[in-house]
Structures are given as structure tokens and as C-alpha cells.
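J.: Questions regarding the structure given below will be posed in turn.
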Amino acid sequence: MVKIVFSGPPGSGKTTQAKRVAEYYGLKYFSAGSLFREYARRKGVSLEELSRIALEDPSIDLEIDRMTLETVRDSDDIVIDGHLAAWIVSDIVDLKIYVTAPLTLRILRVAGRDNTPLGKALAETLIREYSQRRRFMEYYGIDIYDTSIFDLTINTKLIGVEEAFNIIKSIIDKILKEKHGSMSE
């Protein structure tokens, strides 16, 4: 049984790494961000608009956080991916990984991933990050820029996807060996 959470800002590479880890180890993959995106779709608003709405309506975040926590509690082998997820599930996971990269690189990645002009990607990302930081401080008293809760922080600026995965894999293998023998063998 292993539970791993990936957090970090948009475009950092956290989703890429979380999905790779889930696939490699045969773990369930859960995205808290997909809940937020689905909520936006149901409401017929963009992510940045939902972020603005969530500044005034805490029930949005609280519901997503509740669903994330329940999913992790009810799962044995799972990888969780979310900007703020690590703070929500901190006490019930085996490994907390923070993935980051400089803003310029993250904007380029977001624009490429979403097929969005750079200016729009920058505006949307800044709005989302500001809104998330403010909401989490207000609702939980947590500063998402304080990464001291994480077991591993990895900056993807100078390393590729495979190099980052190998670093993460080495830590996971160590944890699995200590817990109950390696799942990757």
C-alpha cells in the first residue's frame, strides 16, 4: 500500500510525473485539478473565472478538498495530483512531492499544452495562482509557497521528463523497499 501526492504550480510538470508514476507502479491516478475543471465546465465558466468565483464562495474549494480527501482515504495504492492537494492529504500519504519550474518556462508549457497564446496563458496562470494562494491562506491558514511539508522538491528547469522521473522513482523505490518490498520488480 502506497499513497503519493504531487503538488506544484501550473506547468511545472507535476501531472506528467504523477501520471508516469501511476502507470509505472500500477497505481490508481486521481487529479484534484480535474474536479475543478469539471466543476468549471458544469458551470459554463473558464478556469480563471471559476477561480474568481471561488474567492467569494468557499464551498467550491471545500467540496473539491472533501472529495480529494475521501478518495485518498478510500484508496490503498494511489497517486494524487493537485496544486494544493498535498496540504489536504498530508497526514495520510507516504510521500509528498513538489514539482516546480520558473514562471517563464511554466507559461511556455501551459501555452503549448492548452494551445493558447502566451499572453492568455500568462494571464490565466497568474490569476489562478493568486486566487489559489489567497483562498488557501484564507480558508486553511496555509501558505502554498511554504514547501516545507514536502519530502522531495524537484525543479524541472534543467532536467527532462525522464531525468525527473528517475529521481522520483529512486525515492519511491526506497520507500517501497522499506515498507514491503519493491512493486517495480
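Cβ atoms here come from the backbone N, Cα and C positions, even for glycine.
From Swiss-Prot, here are the annotated features:
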| type | residues | note |
| --- | --- | --- |
| BINDING | Gly8, Pro9, Pro10, Gly11, Ser12, Gly13, Lys14, Thr15, Thr16 | ATP binding site |
J.: In sequence order, what residues of the same chain, 6+ apart, have a Cβ less than 8 Å from the Cβ of Thr16 (ATP binding site)?
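T.: Sequence-distant Cβ neighbours: Val161.
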J.: If you draw a 10 Å sphere on the Cβ of Lys14 (ATP binding site), how many other Cβ atoms land inside?
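T.: Looking across every protein chain shown, the total is 27.
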J.: Which secondary structure state does DSSP assign to Ser12 (ATP binding site), in the simple three-class scheme?
T.: coil
J.: Hey, for the ATP site built from Gly8, Pro9, Pro10, Gly11, Ser12, Gly13, Lys14, Thr15, Thr16, who else sits with CB inside 8 A of the CB center?
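T.: Not counting the recorded site residues, we get Val99, Thr100, Ala101, Arg106, Arg109, Thr156.
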J.: Where among the binding-site residues Gly8, Pro10 do you find the Cβ with the fewest other Cβ atoms within 10 Å?
T.: Pro10
J.: So if I measure Cβ to Cβ from Ser12 (ATP binding site) and keep only same-chain residues at least 6 apart in sequence, which ones fall under 8 Å?
T.: Val99, Thr100, Ala101, Arg106, Thr156
